[in-house]
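Pulled from Swiss-Prot, these are the features on record:
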COMPBIAS  10-20  compositional bias 'Low complexity'
COMPBIAS  22-34  compositional bias 'Basic and acidic residues'
COMPBIAS  65-77  compositional bias 'Basic and acidic residues'
COMPBIAS  83-94  compositional bias 'Gly residues'
COMPBIAS  95-110  compositional bias 'Low complexity'
MOD_RES   Ser107  phosphoserine
COMPBIAS  111-122  compositional bias 'Pro residues'
MOD_RES   Ser111  phosphoserine
COMPBIAS  123-132  compositional bias 'Low complexity'
DOMAIN    136-216  domain 'RRM 1'
CROSSLNK  Lys210  SUMO2 cross-link
COMPBIAS  222-233  compositional bias 'Low complexity'
COMPBIAS  234-243  compositional bias 'Pro residues'
MOD_RES   Ser261  phosphoserine
MOD_RES   Ser263  phosphoserine
DOMAIN    333-410  domain 'RRM 2'
DOMAIN    414-488  domain 'RRM 3'
MOD_RES   Thr529  phosphothreonine
MOD_RES   Ser549  phosphoserine
MOD_RES   Ser553  phosphoserine
MOD_RES   Ser559  phosphoserine
COMPBIAS  570-613  compositional bias 'Basic and acidic residues'
COMPBIAS  623-643  compositional bias 'Basic and acidic residues'
COMPBIAS  668-700  compositional bias 'Basic and acidic residues'
CROSSLNK  Lys699  SUMO2 cross-link
DOMAIN    708-886  domain 'SPOC'
REGION    719-887  region 'Interaction with Epstein-Barr virus BMLF1'
Amino acid sequence: MKRQSERDSSPSGRGSSSSAKRPREREREAEAGGRRAAHKASGGTKHPVPARARDKPRGSGGGGGHRDGRAAGDANHRASGGRSSGAPGGGGRTGKASGDPGAGGASPRASPLPPPPPPPGAEPAGPGSTAAPEYKTLLISSLSPALPAEHLEDRLFHQFKRFGEISLRLSHTPELGRVAYVNFRHPQDAREARQHALARQLLLYDRPLKVEPVYLRGGGSSRRSSSSSAAASTPPPGPPAPADPLGYLPLHGGYQYKQRSLSPVAAPPLREPRARHAAAAFALDAAAAAAVGLSRERALDYYGLYDDRGRPYGYQAVCEEDLMPEDDQRATRNLFIGNLDHSVSEVELRRAFEKYGIIEEVVIKRPARGQGGAYAFLKFQNLDMAHRAKVAMSGRVIGRNPIKIGYGKANPTTRLWVGGLGPNTSLAALAREFDRFGSIRTIDHVKGDSFAYIQYESLDAAQAACAKMRGFPLGGPDRRLRVDFAKAEETRYPQQYQPSPLPVHYELLTDGYTRHRNLDADLRVRDRTPPHLLYSDRDRTFLEGDWTSLSKSSDRRNSLEGYSRSVRSRSGERWGGDGDRSIAKPWEERRKRRSLSSDRGRTTHSPYEERSRTKGGGQQSERGSDRTPERSRKENHSSEGTKESGSNSLSNSRHGAEERSHHHHHHEAPDSSHGKKTRESERNHRTTEAEPKTLEEPKHETKKLKTLSEYAQTLQLGWNGLLVLKNSCFPTSMHILEGDQGVISGLLKDHPSGSKLTQLKIAQRLRLDQPKLDEVTRRIKQGSPNGYAVLLAIQSTPSGPGAEGMPVVEPGLQRRLLRNLVSYLKQKQAAGVISLPVGGSKGRDNTGMLYAFPPCDFSQQYLQSALRTLGKLEEEHMVIVIVRDTA
């Protein structure tokens, strides 16, 4: 009764009286709504306004005044929600029940927003977009599952590295099977590589490959951060969109995990629930994405999309420390490799890491059992190679353990490697930016290269430049410098690619060919990997073909044409005309047979003399007509004991030519009428004999020096004896590289007896720090030219020079090889020091110091001649510096 009286006294009594019939009316209206929906589907045109008009007072009665307060602001949302959520057979009532919170008595909530429009300037992804979206990653599929991973990586790396800096990773997906991700540094490089792959069918081991770009979603971090809060208000999904082969490819779990690491933890939703705030929300999303950490995002774009093959479960590939080299002040070309297996070898480490660059040094440390795992230090040629290896190999399993990789200590020198240069960077720009730190000695840079070497006069200037210029923008807004120390006397190219010395059968390339940008980059990365045996000739021709852009390919063709022209010109100078060039190979074979036959005592005709006669033409025939019977008899006498159809050997030809020359001199005075013709004939004969001498010179060399021991035998022996360290002695031979012999004989002798010293005991060590090395250099300059000597110390052999004077090893000393002493000094990073003379001296008239340096940057400056002769120094050696004290 009370409720009935309240209903009677309410202003809307009629409307509220009808609310008692609400359950039955709902059933009838639901049935009527179903009939209306069916009628509408069959072509009816009944207007749905009365249904919405009846819903409005019912909503106000159920929701109260709060619903009325929001009715004006949310009318558009309710109308759009009712239309979008209505389904056939359910009518508008079903849409109202599912979209209107007031029907259930709960607090009202705004209906979900449609997806906001893209921000101004954003590029839509997909094939239907007007502007092509950018991508840095290519997905390579249809790979053969039977090929080894290393060979597959090498072949793909060789195909795509010519387009720019890349990193490559193999993976496996359930849909595509074996795939590879090729990540480029710049989007234009990736686009150029894909265009070439589409222009011509890419084959690998007779198998066509499929190349597709991988687009990264714009603003992905903000969408992911707000996905949890908007999950409840997401509208029902529409029909599935057609497959987009060029859209964003869903990758495996490891990649999604890395993408999630870019978003801030527990980030609040940034979008306002109003359509009019969509543009502002996108601006906030962009600001939030920029604040997440651009260095990590750039590292992910450059080296991302790596699979988890070979990594332990749960390993996070992209962590806080994976900064780009220009952002990481700790980045050096030295890598620390931890958690290694005790049985790991240097060959295994080189095989695993050499694909990322040139490794100069590998040092493996194996602590005792129970004191930790083994670890190693790898020194790459430059910082780019080291960073590429660090990112790609972190967490990979070598042996049985997943390795840990970090940067090692830097080795400061006066020479800097500067990377990250743009193609238009000039020497003047480098000099202008780096000259402010100190005096520059040299700048080694070829226009178009992405790196340069800068040599300073002092170590302090190099250290200041390395610290201040790392990350400096030079060459454009998107390029920043990478700076690291390099070898003090390092040449521009690695030793294995030095143009000299070359074997006899190699040809030197022209300057335009060797300094071409793309070919230069090929030399720097990893052209040392041999092609696989399954790699057919047709594939090799395709891979070594022209895969660059039109401008680059034209440059390469020009350089190749210049190179071929130079080779043809050299060949023409060497072999004469085309007819001579066609018989060059038989001459080579006959020359080899001639060298063998001369050793056996048989003489054959010299092809070079025959060629000179043929090459001379008419002059040669005149020379033949001038031959007197007396000269013919002398020639026949010089070739006595041979067959008539045979010919003279090279030595006999020279001997005959000398006799003929002597014969001309003998008859020149009495026969003055023929003097001019005789002198001309003599010049021709001298030309004839000079050519075989020139071509025969390599044969008369003793032999090509191949080892450091052979090179040392060409030097003067300075001292031979035993170097003693603690309880070990090392037989050593010292050969003079430069300096005064008197310093050696004056300081390396026993003063009481006056005899030569046979033992030198190392009692001190000198740390290989730059200030101490500068002090040694200063003492050498003060003692020049007669106050110092530099010697090359190698292992003394029983059959070597001075071996007969080797002293007998004293009791208690263990004879060991010199390489053990070198390894000890390398490990200590020090040089051995001996005060001279041994035993001390009463005065300072004849005193000095001996420094024994292991192979290091300081010692290499005295072995440049050996490096030019041998190419590389593989034997263990030391450089001995003896300096006499100055008053």
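Each residue, glycine too, has its Cβ placed from N, Cα and C.
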Tell me, by DSSP, whether Lys210 (SUMO2 cross-link) is helix, strand or coil?
strand
Lys210 (SUMO2 cross-link), number of other Cβ atoms within 10 Å:
14
Summarise the model's confidence over the domain 'RRM 3' (414-488) as a mean pLDDT value.
87
For the domain 'RRM 1' (136-216), the number of residues DSSP places in helix, strand and coil:
28 helix, 28 strand, 25 coil
